[in-house]
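Visitor: Quick paste from TrEMBL:
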type	residues	note
REGION	19-45	region 'Disordered'
COMPBIAS	22-38	compositional bias 'Basic residues'
REGION	59-87	region 'Disordered'
COMPBIAS	67-77	compositional bias 'Polar residues'
COMPBIAS	78-87	compositional bias 'Low complexity'
REGION	119-144	region 'Disordered'
COMPBIAS	124-140	compositional bias 'Basic residues'
DOMAIN	162-225	domain 'PWWP'
REGION	237-261	region 'Disordered'
COMPBIAS	295-304	compositional bias 'Low complexity'
REGION	295-320	region 'Disordered'
DOMAIN	481-525	domain 'PHD-type'
DOMAIN	530-592	domain 'PWWP'
COILED	604-634	coiled coil
DOMAIN	664-714	domain 'AWS'
DOMAIN	716-833	domain 'SET'
DOMAIN	840-856	domain 'Post-SET'
DOMAIN	892-939	domain 'PHD-type'
REGION	981-1024	region 'Disordered'
Amino acid sequence: PGREIRKSSLILSQTHLCIQQHQHHPHNPPLLPHHHHPPPASHLMPQVLPPPPPLLLPSSPPLLSPQESTVSNPIVQSTTTPKKTSSPEIKIKIIKTYQNGRELFESSLCGDLLQEFQAGEPSRRRHEQKKEKRKKRSSRHGVEKHFPSVITSTGSCQEYEIGDLVWAKVGTYPWWPCMVSSDPQSNVHIRLNKRGVKEYHVQFFGSVPERAWIHEKRTVVFKGESQFDELQAETLRKATNPTEKQKLLKPQSQKERAQWEVGVGHAEAALQMTREERNENYTFIYIDKEPSSAAPAADAVSPPRVTSKNRPERKQRRSKGTVCETFGDSLVSCEGDCNGLFHPECIGSNSGTEGELLCQECKTGSHTCFSCKVAEGDMKRCSVNGCGRYYHETCARKFTGTTTDTRGLRCPQHSCATCSISEQFPSHLGRMMRCIRCPVAYHTGDGCVAAGSVLITPHIIICSNHSSSRKNGHFSSPVNVGWCFICARGGRLLCCEACPASFHPECLNMEMPEGTWLCGECRAGKKPHYKQIVWVKLGNYRWWPSEICNPRLVPSNIQSLKHDIGDFPVFFFGSHDYYWINQGRVFPYVESDRNFAEGQVGINKTFKKALEEAAKRFQELKAQRETKEALEQERNSRRPPPYKLIKVQNIPVGKVQVHVADLSEIPRCNCRPTDERPCSQDSQCLNRMLQYECHPQVCPAGDRCHNQCFSKRLYPDTEVIKTTGRGWGLMTKQDLKKGDFVMEYVGELIDSEECKQRIRHANENHVTNFYMLTLTKDRVIDAGPKGNLSRFMNHSCSPNCETQKWTVNGDVRIGLFTLCDIAADTELTFNYNLDCLGNGRTSCHCGSENCSGFLGVKPKSAVVMEREEKVRNAKLKPKKRKLKTESKQSHEYYCYCCGEGGELVMCDKNDCPKAYHLLCLNLTKPPYGRWECPWHQCSVCQRAAASFCHFCPASFCRVHERGQLVVSALDNRPCCSNHDPQRPLGPQASPSQVTVKKEVLEPGEEGDCNEEEEDDDEGGEEGE
C-alpha cells in the first residue's frame, strides 16, 4: 500500500491550506482507494501529529531543477477515522506540493511509511545515479552537451523582458552578450521546455546574426565587459570534468575573438539605450519567418555535425563553371582536350560524333590562349594531367612560373606566383588557389595570396588584376610618391602606372620612356599580401603606416562597405581605423622606416604612436616569418631530399643505350686460382691494371676473383650525415685502406641534349643542387632523381677519394676509390672538377688549406701556398713609419714673358715651372686660389691648349692650331710665328730661353757686361 501511495498524486488549489481544512470539507478527493478497511486495534494506532500552522504560498515560486522535479507528489492525510483493514494506517504531514511543475508545499512521511522510505533510500539513490548516467550517455549528441557547467550563484530566476541585455553561456563558447527578443515562429520570448524549465529566446550580438533558446540559469544580466572575467573564472571553478576544463582553458581563436569583440562593442552601445531604443535598433528583421522546422535550443551556435547535407562537397561541386563563373552540383566535364567544367545549359547541345559532350572550342578544334584570349597563332597545351589550358608560348613566358620539361610546357597555374618571385619556398609544391580568368595561382594562406583577391571556392579565386573600377573610362591612376625610391631625392621622376613607386631615369640607367611604364616589381607580378605592413595614402592625409587585413577578420560594418575586386581593408596604426584601399595607394614598409620621426619637431602625437605600433607589429610579423622559415628548414633537415634508390646499375633514359659486350670480347687475365688473393690489389692482374673488371665466366680464378667489386656491389658500410655548412654528406663506418673500392656512382643515363634541358629546367625553378657526372662525350650520369648513396659525397679541394672509369661487361662505369688510408667515422669526399656554365661560380666550403674558393677552380699548389704564407707573415711584421716628404715643385726664377727676376707669380699646374710678373700679366694683385698660367690656354679663344710654343707663352687649341706652329731647327721643337725657325734663340728669341751666367766682374769689364745685357733686353723685347 505504501508503494501505491508514493506513486499517486494530488492537485491542490493555490490557497491557504492546512490539515484542519481537510477535516471540514468532505468534498475533497479521497486519501486512499475507494475500498475501505476496518480500523486496526488501538495498540496498533500510531501517534497522530498535530497539524502544522497555515502556510502562506509565494505569488511567483521559483522553478525546481530536473532532479527536484522527479520527487513524487505528496498526499494529504484525512483526519476521518478509516475503516479497519489489514494494512496499517499511514499518516502524512503536508509540507510542499507541486502543480504544473511549480512548487506549492513540502511533505514528509510519518509512521511505518517513513521507516520504509528511509530503508529504501540507499537503493533509490543508487537507482537515481544510474539513471543520471544513462541520461548523460544518451544525450551525448543532444543539447545537454553544450551545457558543461551551471553556475547556480549567477543564475537568474527573474523574468526578462524583450529588450533586456544578458550574458549567455552556450557549450564551450565563452559568455556571449545577447539581447532577449521574440521568437519569429511563436512570437514569444519565454517558454517551458520538456522538463518544465524556463528558456529565453535571445539574439546574439556579433558580425553574424544568430539566435537561440537559452536555459534561464545560463543567463546573467549584462552590466558591462568587466563581468566577463568573473563569469569565466566561476565557470572554470564549477567545472568538474577534466575534459571540460581543458576546453574552457583553450584560448580563443583569432576569428572567434574578433567576433566576440564586435559583439561586446554592440552590447556596450546598446547598454546606453532604453529598452524601446534597443528593440528598434537591434531586433532582427526576418525575411522568412516560417522555416520548415524550428531549430531547437542552442542550435544556432552548436558545432556542425557531419551529415549527408553538410558533408564536405566533392571537388566537382566546389568547382566553377568556365562560362558563367558560378559553381554548383550540375557541372559536367568536357570530354575533349580542355578538361573544362560547364553547366549543360551554358554549352548547349554540343556533342561529338560518338555522342561525347564537348564544349564549343573542343568541337571546332580552335582553342583560345588562356592569357591573351586570342585564338590565332600556334598554341601549346599544358603538359600537366588534368589541366588542358592552351597558351601562346610568348604569352606563357611572360609569367615567372612557366617552365618546360621533357613532356612539354608547364603553365604558370601550377606554381605560386609569390614564391616564384621571392625564391624562398618551392613554388610548385603544396595546394594552390587558381584564378579563373588568368594564369595566376597562389599557395593557400595569407602569406602568398595577393591582397584584394576574391575567394569563390576553396581552390578558385578572381585575382586582384581584374579590378573593374574606372574613372572617365580609364583605370584609376595610382598616387605616386614625390621622391626617388633609390636616392630618396626629388626632381624629374619616372612614375610607375600600377604602384606609387617613382625613380630617376638616371638611377635606373635608362632614358625617359614614352607611354606607360611599370617598375620591375610590377612587371614581375609582385603584389601586396595580407599581414603586411605598408604605407597608405588616403585623401589629404600624409602617408600613414598600416597593416593589410584579411576581409574575413575585419568588423562586419567594414565588410559591408562598398569595394571592388582588388580592394583590400587596411588597419591604420595610431587611430585604429579601417578603410578599403587598392595597390595604387600602398607601398611596403621597411625596417629602417621606424627611424622616420627621429629629429622631427612638432610631429603629430597620433602619427608618432602609429610609427611605434607599426615598428612593433613589423617585428612581430618578422619573428613569425622567421619562425616559419626555421620550422620549414628544420623539417627539411630531418631527412635528405627524396630520391629513388638504385641498387644495380645506371638506368638509361630516352635514346641512350647500355653497351653489353660478348664474352669473347672480354679480356682474360693471367691470374691463377691457386694464388693467395687472385686479381686483388696486391696481385699483378692485367685487367686491374687496365681498369677492366673480370667476368666470372672468363676469369681463370673463377669464384676466388677479387676484381668483381662493381658486379657484386662490394661496398663498405657507410652512413648519410648532416654536415655543418655543406648540407648532407657520406661517412664511412669502417676503416679503409688506400686504393679500396668505395662504391659505384650510378643514376639515370642521359644524353647531352637531355642534360642541357634538365639544367635549363633547374635554373628556371631556382634549383642549385646538381648530381651530374660526365661518363663519355655523349652520355651523362644524373643521380638527382635516381641514384645511390654516392650522390651524397661532398666536394673537397683535398679529397680522400677519386673517380675512376672502369670497363664492366663492355660498358664504361664510374667508381669511387680511396686516395689514402681513411679511419672510421670520416667523411668521404672527392673533387668534382665542376665545369661551370655561364659567368656565375659556386663557392667552395670544404675548409681545406689549399681551397681555391670556388668549385671547378684548380686547387692551390704548394708554391702558391708558400707565397701566400710569406705575404701573410709579412703583413704581421710591424712596418716602420715613413714620413712623407712634401715634394716641392721647382719653378723658374725669372719671368717667362720678360726674362727678368723679382716677385713672380708661379703656375699651380702640375709639372709647369713657369713664373710671371704681375705687370706682365696685367694684374694688380696675385690671383686667388689655384691659378694656371696663360701657356695652358689658347691665345685666341682661351680654351684648353693642345699645342704650345716652346719659346714663348703662345699656345693654341685644336681648333686654332692649324698653321700657327712650325718646327724649329733646335731639337725639332714647335715655335710660333714670332720666332725664326732656323734661329729661334736669335735676336727675336725670347730671353727666357737664353742662359745668363753671372760671374764676379773685374774692374774695367763693367761696360762690356752692360752692353751685353742691353742686347739681351732688345732681343727679348723683339721676341716678346
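Cβ coordinates come from backbone N, Cα and C, glycine included.
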Visitor: Could you tell me the mean pLDDT the prediction assigns to the domain 'PHD-type' (481-525)?
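Guide: Taking every residue of the domain 'PHD-type' (481-525) together, the mean pLDDT is 89.
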Visitor: Just to be sure I understand, if DSSP states are collapsed into helix, strand and coil, how many residues of the domain 'AWS' (664-714) fall in each?
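Guide: Residue counts in helix, strand and coil order: 13 helix, 1 strand, 37 coil.
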Visitor: Does the domain 'AWS' (664-714) come close to the domain 'PWWP' (530-592), meaning at least 3 CB pairs under 8 Å for residues 6 or more apart?
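Guide: Checked: the domain 'PWWP' (530-592) vs the domain 'AWS' (664-714), no contact.
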Visitor: Counting by DSSP, what is the helix, strand and coil composition of the domain 'PHD-type' (892-939)?
Guide: 3 helix, 5 strand, 40 coil
Visitor: Mind checking which residues reach the domain 'PHD-type' (481-525)? Cβ under 8 Å, same chain, six or more beyond either end.
Guide: 399-400, 417, 421, 440, 537, 543, 583-587
Visitor: If you run through the domain 'PHD-type' (481-525) with DSSP, how many residues end up as helix, strand and coil?
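Guide: The breakdown for the domain 'PHD-type' (481-525) reads 5 helix, 4 strand, 36 coil.
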